[in-house]
Amino acid sequence: MAAAVAASSSSSSSSCAAVGVATASHPHRHRQARFVVSPPAPASPAALLWRRPRRVAPTTFCSAPSLGRVGWPRREGAAWLLSFRAGPVSSPSSAAAGDPSQALSALLPLVVAATAVAALGNPATFSWVSKEYYAPALGGIMLSIGIKLSIDDFALAFKRPVPLTIGYMAQYIVKPLMGVLIARAFGMPSAFFAGFVLTCCVSGAQLSSYASFLSKGDVALSILLTSCSTISSVVVTPVLTGLLIGSVVPVDGIAMAKSILQVVLVPVTLGLLLNTYAKAVVNVIQPVMPFVAMLCTSLCIGSPLAINRSKILSSEGFLLLLPIVTFHIAAFIVGYWISKLPMLRQEEPVCRTISVCTGMQSSTLAGLLATQFLGSSQAVPAACSVVIMAIFGLTLASYWGNGLRIRDIGSRFVPQASAGVSS
């Protein structure tokens with residue numbers, strides 16, 4: 001009996017010691033550790049087992065700061081949309097390890113910049129790409145989006161109506177009006193006016209989802225917002241274009257809607273159906289789709305830059321850069337602060353996501369529509385917008401990814417003034 005008591009006492013002591021070690025590395029568990037490690041002195045074997053240490057699951061102490069900032073635990077169901085896979089991933093880290101699309105997305109700004117330099121330096125590199133190639137190229141980009149979607153993902157929109165509505169209104173109301181005001185304020189030449197306004201009326205850019213990921217924003221919201229704005233662009237973009245620039249240049253809204261239907265809705269729907277009913281096909285094509293999307297983006301950017309090189313490098317072309325830069329900076333700022341209004345007051349990740357989705361639009365679609373319906377010179381603003389949008393958007397996302405906010409930008413450049421105010 002004494003041996004049993006001694007063994008039980010030894011086992012209890014070792015168990016308590018183990019619990020003490022497990023909780024020592026976690027400061028938030030000190031009170032529980034003291035409670036478990038210091039039971040009252042037992043008088044019998046039954047009393048020794050009176051307060052058996054509770055086994056704590058290892059996941060209780062697991063923390064993932066990098067995942068928590070992005071909001072993966074709350075949006076685990078849509079996390080796989082970051083990749084070109086056919087189904088959900090077990091963890092974001094494993095998705096990043098086996099998914100080439102994220103690495104290619106990180107290289108996209110460099111590819112865009114290299115495309116611009118090549119098109120302006122040696123126009124023959126892209127001048128062979130005629131407007132007949134634009135629709136297939138953009139269709140390849142849209143197909144790469146469609147295979148990332150599933151029918152269940154759109155059900156999330158009904159569960160999150162407020163942030164989705166804010167982002168959608170900023171995309172199709174605030175941004176087009178802002179584009180018209182900026183174009184008129186800078187006295188934009190008529191050769192670029194209609195194309196610039198059209199660029200402000202298209203759907204969100206696919207790159208905004210990656211920018212939301214870098215900025216530790218709401219990735220699921222970004223993908224839903226981009227998908228909804230892309231699908232509805234079949235109707236909304238022709239209507240906005242006719243209202244805002246119909247008095248400047250003639251716009252065939254019905255023909256534009258048919259073109260968007262062919263190059264946007266059909267490829268996206270095809271990809272959605274493949275991902276839903278033919279996952280084996282998606283598993284075959286998904287490794288090459290990131291490369292296809294990047295190649296198509298490069299063609300859609302380089303062609304209008306190469307064809308209109310003389311106009312871009314002219315005095316009028318240089319005057320075009322300032323309005324485009326102003327527009328994108330204003331769109332990022334307005335998209336952020338409109339989400340901070342007292343009656344809308346959204347969380348920081350949502351504000352960042354709406355900001356990048358407002359400041360980044362599908363300029364490749366605008367370039368296609370401008371080339372088909374407005375003339376090749378009107379595609380120049382869209383091509384320039386792609387370059388500026390990618391550089392500014394991913395720079396801002398990287399800044400936010402370091403844990404900083406827009407309101408902290410001033411203190412980064414004027415640290416002494418910030419220190420004086422804080423003291």
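If you go along the chain as it appears here, the first residue is 1 and each next one adds 1.
Cβ from N, Cα, C; glycine included.
The annotation transit peptide is assigned in Swiss-Prot to 1-45 on the grounds of sequence analysis. For 106-126, 138-158, 165-187, 192-214, 231-251, 254-274, 287-307, 318-338, 380-400, the entry in Swiss-Prot reads transmembrane segment.
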Maximum Cβ pairs under 8 Å to the transmembrane segment (165-187) - stretch from the list 106-126, 287-307, 318-338, 380-400: 318-338
Any contact, the transmembrane segment (318-338) to the transmembrane segment (192-214), with at least 3 Cβ pairs under 8 A: yes
Non-local residues, at least 6 beyond the ends, that sit with Cβ under 8 Å of the transmembrane segment (380-400): 108-109, 112-113, 116, 192, 195-196, 198-199, 205, 207-208, 210-217, 297, 300-301, 304-305, 308, 311-312, 317, 320-321, 324-325, 328-329, 332, 352, 355-356, 359-361, 363-364, 366-367, 370, 409
Other parts of the chain folded back onto the transmembrane segment (254-274), taken as Cβ under 8 Å at six or more residues beyond its ends: 135, 138-140, 142-151, 203, 227, 230-231, 233-235, 237-238, 241, 281-282, 365, 368-369, 372-373
